[in-house]
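*Asks:* As annotated by Swiss-Prot, domain 'RNase H type-1' applies to 4-145. Annotation source Swiss-Prot lists Mg(2+) 2 binding site at 13, 137, citing sequence analysis. Marked as Mg(2+) 1 binding site by Swiss-Prot: 13, 51, 73.
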């Protein structure tokens, strides 16, 4: 990675109907004038797991090491990766209250995915009219909709 290399922007979002329930994740990737949309869903999950999965898939989708700015509306993801995870690791994946960290599998996967890239993190208020965040939200909901549609039995 060179210092002059343009940054890939990844706008991420997760959604869940029921929490737990069917959930989806969505990512809008932007690199210069190019954009790419990715999304998916899971039958039984939580909103926080889908928020994490969006960030993970954003990083795992990139074919080579990049400078990446991940923009999320999830304080859980942003604070988790930038503030909490180092302490969790030191405590053997326990919270300050000594209970096991939730979603440890996805936190560890996110840490691994992040290592390939030069990542910075940003937060934006969800559902506040930010076009890229709204696009990521639509993608996350498309992930749920397509999952539920695939579950229907043909007439």
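Every residue, even glycine, has its Cβ placed from backbone N, Cα and C.
How buried are the listed features, and what sits near them?
*Replies:* In the domain 'RNase H type-1' (4-145), helix, strand and coil residues by DSSP number 57 helix, 47 strand, 38 coil.
Over all protein chains present, the Cβ of residue 13 (Mg(2+) 2 binding site) has 32 other Cβ atoms lying within 10 Å.
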*Asks:* As a test of the contact definition, list every same-chain residue at least 6 positions from residue 51 (Mg(2+) 1 binding site) whose Cβ is closer than 8 Å to its Cβ.
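*Replies:* Within the chain, residue 51 (Mg(2+) 1 binding site) has Cβ neighbours under 8 Å at 12, 13, 14, 25, 72, 74, 76, 77.
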*Asks:* Write down the Cα-Cα distance for residue 73 (Mg(2+) 1 binding site) and residue 137 (Mg(2+) 2 binding site), rounded and given in Å.
*Replies:* 10
*Asks:* Looking at Cβ-Cβ distances, which residues of the chain lie under 8 angstroms from residue 73 (Mg(2+) 1 binding site) while being 6 or more apart from it?
*Replies:* 13, 123, 124, 125, 126, 127, 133
*Asks:* Neighbours of the Mg(2+) 1 site 13, 51, 73: Cβ within 8 Å of the Cβ centroid, same chain, sequence order.
*Replies:* 12, 14, 15, 50, 54, 72, 74, 77, 126, 133, 136, 137, 140
